[in-house]
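This report concerns only the one structure given below.
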Amino acid sequence: MSESAPTPRRERVIVGMSGGVDSSVSALLLLQQGYQVEGLFMKNWDEDDGTEYCTAREDLADAQAVCDRIGIKLHTANFAAEYWDNVFEHFLAEYKAGRTPNPDILCNREIKFKAFLDYALMLGADLIATGHYVRRRDRDGRTELLKGLDPNKDQSYFLHAVGGEQIARSLFPVGELEKPEVRAIAEKHGLATAKKKDSTGICFIGERRFTDFLKQYLPAQPGDIETIEGKVIGRHSGLMYHTIGQRQGLGIGGLKEAGDDPWYVLGKDLQRNVLLVGQGNDHPLLFSRALLASRIYWVNPVELERPRRLRAKVRYRQSDQDCVLEKTAEGYRAVFDEPQRAVTPGQSVVFYDGDVCLGGGVIETAEAWDFGGRP
């Protein structure tokens, strides 16, 4: 598909083909670079209700069309059992415990860079490749994970739990490009996915309402909505349907004495099954000075004998925040220079040294910011 014949390489690469434009262009670029390229389409969720919420059939058809266009073989593999055991059951357990998990992070660690990698190696591959917007760099005998070149698409946050050994066996061809360039390449070469919309949301939920999906697996436990002063002002249908900083969907209204400021979720009292709320986008209890994280995964070993100044994200697409990270008896504690809004237990905090993604962990608790004095 390239204008000039590439120099052949011995390495055999199997590309995880999702049916999207990023993996499509990744396969094309690797062909142009002379690799021996094949594709593999993963099915990670079994639709047992007769509907195609994940559009798996359409995605497979698109992946096949791209592979036919560029002249490579497409394998298929079903990792639904591994996904259920290693990702989905954890997802449910976290929601049951009142936290807000991010299944994409565990999916990358357990499925795309473990089950898929192992399967590809079994097929005789030397390397795998994906359409993630990240980069890798070999330095000082180890492989580092770097942010993608396009700051609007960088996905290092979601890959922070993948180890350096797995990164070393992986290629990320679009990590050096910006999204418009990727679409332009796909269009130039007539790929069926050139104008396909990016997938959003969690695969196994698809177009369904999140609350409707969760009700299939976890029984709802309605309870009171209280102000931080202890006044009951409404009812919630289940703590698992709400997250810190949430404004929409609280169903609070008609409180004349409360004024017009919108209500936000400030916290959850799990023992009493109470949702705690307050008014105002800048409510002090929405901000944290520090957090405690556990279940830490480092891409490569990190030296933390003493507190270390780093940068961090507490959510995807957040700008990097200055902090000091230290290891304590309770876990890893990050103290931020500036107040952090809506730090959410169950979500991930990811640490950076410049463009290098060092790793991260799961937020357990957050410490409120004291606006009355020194933080």
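Quick reminder: no glycine exception, Cβ is built from N, Cα and C everywhere.
Under the heading ATP binding site, Swiss-Prot lists Gly16, Met17, Ser18, Gly19, Gly20, Val21, Asp22, Ser23, Met42, Gly131. Around Ser18 (ATP binding site), the C-beta neighbours below 8 angstroms that are at least 6 residues distant in the chain are Phe41, Met42, Asp59, Ala63, Gly131, Ser199.
Using a 10 Å Cβ-Cβ cutoff, Cys107 (active site, nucleophile) registers 26 neighbours. The annotation active site, nucleophile is assigned in Swiss-Prot to Cys107.
Classification of Cys107 (active site, nucleophile) by DSSP places it within a helix. The disulfide bond annotation in Swiss-Prot covers Cys107-Cys203.
Residues or ranges marked as site 'Interaction with tRNA' by Swiss-Prot: His132 (among others). According to DSSP, His132 (site 'Interaction with tRNA') is assigned to coil rather than to any helix or strand.
The annotation active site, cysteine persulfide intermediate is assigned in Swiss-Prot to Cys203.
What Swiss-Prot lists as site 'Interaction with tRNA' is Gln347 (among others). In the shown protein chains, 24 other C-beta atoms lie within 10 A of the C-beta of Gln347 (site 'Interaction with tRNA').
Put simply, His132 (site 'Interaction with tRNA') is 7 Å from Asp22 (ATP binding site) when counted between their Cα atoms. Between the listed recorded positions, namely Gly20, Asp22, His132, the fewest other CB atoms within 10 angstroms of a CB are found at Gly20. Among the residues Gly16, Met17, Ser18, Gly19, Gly20, Val21, Asp22, Ser23, Met42, Gly131 said to bind ATP, no two Cα atoms are farther apart than 16 Å.
Nearest in space to Gly16 (ATP binding site), taking C-alpha to C-alpha distance over the recorded positions Cys107, His132, Gln347, is His132. According to DSSP, Gln347 (site 'Interaction with tRNA') is assigned to coil rather than to any helix or strand.
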